[in-house]
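Lifted from Swiss-Prot, the feature list:
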ACT_SITE  Asp251  active site
BINDING   His17, His19, Lys103, Asp251  Zn(2+) 1 binding site
BINDING   His19, Leu20, Arg21, Asn45, His140, Leu223, His255, Ala267  substrate binding site
BINDING   Lys103, His140, His178  Zn(2+) 2 binding site
MOD_RES   Lys103  N6-carboxylysine
Amino acid sequence: MTAPSQVLKIRRPDDWHLHLRDGDMLKTVVPYTSEIYGRAIVMPNLAPPVTTVEAAVAYRQRILDAVPAGHDFTPLMTCYLTDSLDPNELERGFNEGVFTAAKLYPANATTNSSHGVTSVDAIMPILERMEKIGMPLLVHGEVTHADIDIFDREARFIESVMEPLRQRLTALKVVFEHITTKDAADYVRDGNERLAATITPQHLMFNRNHMLVGGVRPHLYCLPILKRNIHQQALRELVASGFNRVFLGTDSAPHARHRKESSCGCAGCFNAPTALGSYATVFEEMNALQHFEAFCSVNGPQFYGLPVNDTFIELVREEQQVAESIALTDDTLVPFLAGETVRWSVKQ
């Protein structure tokens, strides 16, 4: 990576956690990712979810159809795990290069997760098959029991689900997605080479005070929810350390404005347009720009056993204002940091 005073040149990054939705929303949001990233792990939580090879092939084609000419972008598809999923279907998709990984959503943990897994025991034959064939498991790491406080769901998941699972299936490759707590940062750092994590820009930049003090900011509301400052600091320190099993995963999750600015608003930040510059700002603030390229472009491919991208992009350090909104067919999208002045942006 070369870093003259105002330009960062890095190998083209990948996004290891992305929601593209479907239909008109998909057509609107895909270009914001495809112009910057070489690849992205695409989440399968559509309605209905992506649970078959055929559904994944069709969804992949809809994504590719939305990629503008001149963008070199490869969507990496995932399978949505359910209690009733056939392990043979999962293995077929993996062997045919359709499924890159499989996603475990605890039932009702987040958007469109009502079909999710009721317990790890219910899908143990599937997980055993994944361990056998070397297929990565992507985990939304929260318990969803009604009696557990929303701010404690990730920490409880580690002790009650994640650690027992990894003790039982010691060769299974696991990505602990969008980690938000010191508990998770410590757990991944202290784990072995088969455990990795992604972190979003919002969890590095903000904590729950930013979302709740002085008024509720619905466009910072996502799941897992922003935590207190000590957790934010632990995440920042983890990425700034150069730890090589944590990598870029935006969890960009678009919802129309009326679904966010509501009496019962949806969870998710549409950060695809601003995420890379946001990460750069955090690394700069932590005096860790020497580790920025690895986080964005190297650590993820290494964990997945994929080649790094062979093209490069540049970020420029000059103040720019983020758009207030982005047009949808019959509504608008509010991007992460809408209307704010940002320090780093991708050079056009």
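From the backbone N, Cα and C atoms, a Cβ is placed for every residue, glycine too.
Not measured: the values here are computed from a predicted model.
Location within the structure of each feature annotated in Swiss-Prot.
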residue	record	Cβ within 10 Å
His17	Zn(2+) 1 binding site	26
Leu20	substrate binding site	26
Arg21	substrate binding site	23
Lys103	Zn(2+) 1 binding site	27
His140	substrate binding site	25
His178	Zn(2+) 2 binding site	26
Leu223	substrate binding site	20
Asp251	active site	27
His255	substrate binding site	25
Ala267	substrate binding site	16
CB-centroid shell, 8 A cutoff, Zn(2+) 1 site His17, His19, Lys103, Asp251, site residues removed: Leu18, Ile41, Met43, Asn45, Leu138, Glu177, His178, Gly249, Ala253
Maximum Cα-Cα separation (Å), residues His19, Leu20, Arg21, Asn45, His140, Leu223, His255, Ala267 listed as binding substrate: 19
Set of same-chain residues at least 6 away whose C-beta sits under 8 angstroms from His19 (Zn(2+) 1 binding site): Val42, Met43, Asn45, Thr111, Asp251, Ser252, Ala253, Pro254, Gly268
Between His178 (Zn(2+) 2 binding site) and Ala267 (substrate binding site): CA-CA distance (Å): 14
Residues flanking the Zn(2+) 2 site, with Cβ no more than 8 Å from the Cβ centroid of Lys103, His140, His178 and excluding those residues themselves: His17, Met43, Leu104, Tyr105, Thr110, Leu138, Val139, Gly141, Glu177, Asp251
Integer Å distance between the CA atoms belonging to Lys103 (Zn(2+) 1 binding site) and Leu20 (substrate binding site): 15
By Cα-Cα distance, the member of binding-site residues Arg21, His140, His178, Leu223, His255 nearest Lys103 (Zn(2+) 1 binding site): His140
Integer Å distance between the CA atoms belonging to His17 (Zn(2+) 1 binding site) and Leu223 (substrate binding site): 13
Between His178 (Zn(2+) 2 binding site) and His255 (substrate binding site): CA-CA distance (Å): 18
Euclidean distance between Cα atoms of His140 (substrate binding site) and His178 (Zn(2+) 2 binding site), Å: 8
Cα distance (Å, whole number) from His17 (Zn(2+) 1 binding site) to His140 (substrate binding site): 11
